[in-house]
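Chemist: Handing you this structure, nothing more for now.
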Amino acid sequence: MANKQFDVIVIGGGPGGYIAAIRAAQLGFNTACIDEWKNKAGGPAPGGTCTNVGCIPSKALLQSSEHFEHAGKHFADHGIGMSGLSIDVAKMLGRKDTVVKQNNDGILYLFKKNKVSFFHGRGSFAGAGEQGYEIKVSGASEETLVGKHVIVATGSTPRALPGTPFDEELVLSNDGALRIPTVPKKLVLVGSGVIGLEMGSVWRRLGSEVTVLEALPTFLGAVDQQIAKEAKKAFDKQGLKIELGVKVGEIKPEGNGLSVAWTDAKGGQQTTLCDKMIVSIGRQPNTVGLSAETVGLKLNDRGAIEVDGECRTNLPNVWAVGDVVRGPMLAHKAEEEGVAVAERIAGQHGHVNFNTIPWVIYTSPEIAWVGRTEEQLKDDGVQYKAGTFPFMANGRARALGDTTGMVKFLADAKTDEILGVHIVGPMASELISEAVVAMEFKASSEDIARICHAHPSLSEATKEAALAVDKRTLNF
């Protein structure tokens, strides 16, 4: 039987892959997408780590745990009485699974709507010929596709502690952290990675005693340190025990849990017993099984696919996007690269501005930022002005009963162009988009300061922080 021929074949159906496939199809290309994720029934579950064991399920659990905490600690402030409060973890996990399936099904629908041919299985390079690249699909049935262009979007996998592999029962990656069947009494979080902090927040709200063991001497080193310190203060108040400058030692079974030996920042020997341990020390590009060597696709020493600024690999008509290449491992960065590559294949000028990619940590308080931090500006010798505004002075935040945190603006000292915006506080994930738009169009802090913002709204804190750059806040 003749191999199936396509203009574009996308390997991987996560945010970068499925978006690239849809955009390519919209541009008139005969497009295929290969993805191996399976649901509990063994059926297709496109969406990658983000949809299945990352962004989406973690937000579902964060929402459930937030409702639980509000009911137990804050409803009384509103005159709402509660008695007999309990948590049904199985039902909570079931709701999370439903949300995931809705997203899986949504992607399959979008493939059908946009006439993308979907293949359920693992995609790998099998060779190259006159018609294009041969891609083997290993799944329920074996078949080979041929594509003129190939976009690799195979994502990333969690990095394990040396000598302590994930068993997803006691030693958990993001996958296992999302399906703990009962609330652990004691939980250790190794590393302060985003998904780990979010899951630590979930189980802390539900009653776990959470200890964070971070090797670095500073908390959230990539975050503007004024914002990071404000966040840590809030986490400390909530009961998260955060230890910095830690070296993790022997990890061994103890009863039904684990014994974790570690050295503190002062050199003291410590041991913590826990029921579960979540390891959140980063992720690594997922190129295992891709058979890159078959066609000579170049990888770097981290296993990432080497690409140029336009996501081109060393092979003609082979592209790569998302976590499997350089840059931040963020779903929305992968999506933008996927769109840009599809448009470049079509001869258009696809573009991604890496300087205006937002970052979000969905803890409570939320943390979000775009652009450079104050530390980076100092290191680069850039002259800047800074302005901050606390949520405690914002009327909507008071009405919500959530006044933790602030908005911080950094602007060029001469031109007033916005160089970075950093937020810790309620709905930071939504507020940051205004800053992204402003920076994309090279707005000044004065531009934001002169725009009318609805009252009362959390967004007024953004306006006030912009005003604070020139020391003229109106409400603080």
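Glycine is treated like the rest: Cβ placed from N, Cα and C.
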Chemist: E169, E214, E293: which one does TrEMBL list with G191, S192, G193, V194, I195, G196, L197, E198, G282 for the NAD(+) site?
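Modeler: Of the residues offered, the record points to E214.
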Chemist: K59, T154, G155, S156, D323, M329, L330, A331, H332 show up in TrEMBL as binding FAD; which entry in G28, G94, G121, G123 does that record put in the same site?
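Modeler: So, going by the record in TrEMBL, that would be G123.
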Chemist: Which of these, C33, C50, shares a disulfide with C55 in TrEMBL?
Modeler: C50
Chemist: For the domain 'Pyridine nucleotide-disulphide oxidoreductase dimerisation' (357-466), what are the DSSP-based totals of helix, strand and coil residues?
Modeler: 40 helix, 33 strand, 37 coil
Chemist: I'm checking region-level scores; what's the whole-number mean pLDDT for the domain 'Pyridine nucleotide-disulphide oxidoreductase dimerisation' (357-466)?
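Modeler: Mean pLDDT across the domain 'Pyridine nucleotide-disulphide oxidoreductase dimerisation' (357-466) comes out at 99.
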Chemist: Consider the recorded positions G191, L197, E214, H455 and say which one has the Cα lying nearest the Cα of A331 (FAD binding site).
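Modeler: If we rank G191, L197, E214, H455 by Cα distance to A331 (FAD binding site), first place goes to L197.
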Chemist: Using the Cβ centroid of G191, S192, G193, V194, I195, G196, L197, E198, E214, G282 as the reference point for the NAD(+) site, which residues of the same chain not in that list have Cβ within 8 Å?
Modeler: L189, G200, S280, I281
Chemist: According to DSSP, collapsed to three classes, what secondary structure does S156 (FAD binding site) have?
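Modeler: S156 (FAD binding site) sits in a strand per DSSP.
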